[in-house]
Ligand SMILES: NC(=O)C1=CN([C@@H]2O[C@H](COP(=O)(O)OP(=O)(O)OC[C@H]3O[C@@H](n4cnc5c(N)ncnc54)[C@H](O)[C@@H]3O)[C@@H](O)[C@H]2O)C=CC1
Ligand SMILES: O=C(CO)COP(=O)(O)O
């Protein structure tokens with residue numbers, strides 16, 4: 001039995017994948033109406049065409065939803081609030097499924113769990129995976145980062161399912177930074193394509209974006225190999241090149257000068273600001289993240305941002 005808190009696209013997709021491997025799943029929705037509708041229709045409008053297996057039970061009753069292993073599938077900026085309002089989560093294994101850096105504290109999801117519930121066992125599940133792909137049973141590989149190796153091994157066994165291959169690491173810092181920072185670079189790539197700057201510009205942004213992701217991760221003590229794995233390079237590749245990505249699509253709209261639905265979860269916008277604040281405090285150079293923040297804040301035009309990046313002093317790669 002596994003609990004998933006947050007019945008959005010990703011939480012529901014994970015619930016479906018675990019259920020298909022024979023696990024009973026309780027999916028918690030914060031709205032009683034949403035839980036009832038999902039139970040009645042066996043569907044979630046965020047995942048069109050996906051049927052909930054019988055072994056997924058949706059509830060808005062928090063106490064009913066809890067098991068020893070709990071996946072947290074809410075947006076990054078909502079994670080702390082969820083943990084603070086539910087102290088009964090303490091003592092359990094809490095696996096963050098969100099990708100981002102918290103505004104205000106500049107902490108990633110594992111650090112936020114430690115901060116609010118120090119008695120819990122924190123972990124993070126991250127990597128290249130669109131909810132729609134997971135829910136349809138398409139092959140996907142993820143990284144599970146757990147500080148204690150033996151706990152990681154047993155969780156890995158528990159979560160692995162036929163189409164969901166799960167790799168393991170103890171480097172939670174690298175895993176959470178890879179997943180968080182790639183969204184910022186995906187916004188930059190979307191902006192470049194939307195503004196008509198071309199595929200070569202996108203390749204340059206992905207590569208130099210990857211360099212700044214690694215710089216930041218290293219400064220925070222991550223293992224360089226983690227960033228070259230699924231949570232960093234893998235997810236960067238997926239998110240910067242697919243219209244399925246909300247971060248990339250948000251960037252596309254910015255680049256084209258179109259409006260974007262503000263209710264859609266776009267983790268990279270807040271994360272760009274939080275990561276830049278942390279980078280400045282640590283004297284880490286993150287020019288692409290800086291340009292994204294300046295564009296989001298309205299202080300920089302897109303062409304000027306590209307010119308600014310191109311006019312940086314020549315350096316060794
Ligand atoms: N959708 C995707 O393909 C993937 C999403 N993720 C990550 O999963 C996280 C969640 O994203 P999605 O499920 O896609 O977003 P979503 O927008 O589809 O769903 C978010 C869910 O969180 C719930 N929620 C919001 N605030 C809450 C609160 N205070 N307490 C409880 N529940 C709350 C909402 O009601 C909604 O059900 C994000 O960090 C995202 O980066 C990771 C991999 C893939
Ligand atoms: O994290 C994701 C894919 O790995 C989902 O990306 P978006 O949040 O940009 O849709």
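Using N, Cα and C of the backbone, Cβ positions are placed for all residues, glycine too.
When the candidates 54, 99, 214 are compared with the NADPH site entry in TrEMBL, which names 10, 30, 131, 246, 264, 267, the shared residue is 99. Selection of the binding-site residues 182, 235, 245, 246, 264 by a Cβ distance under 6 Å from ligand 1 yields an empty set. DSSP gives residue 10 (NADPH binding site) a helix state. Taking a Cβ distance under 6 Å to any atom of ligand 2 as the criterion, the binding-site residues 10, 30, 182, 235, 264 reduce to 235. The two recorded residues, residue 264 (NADPH binding site) and residue 127 (sn-glycerol 3-phosphate binding site), have Cα atoms 20 Å apart. Checking the binding-site residues (10, 131, 267) against residue 247 (sn-glycerol 3-phosphate binding site) with a 10 Å Cα-Cα cut-off leaves 267.
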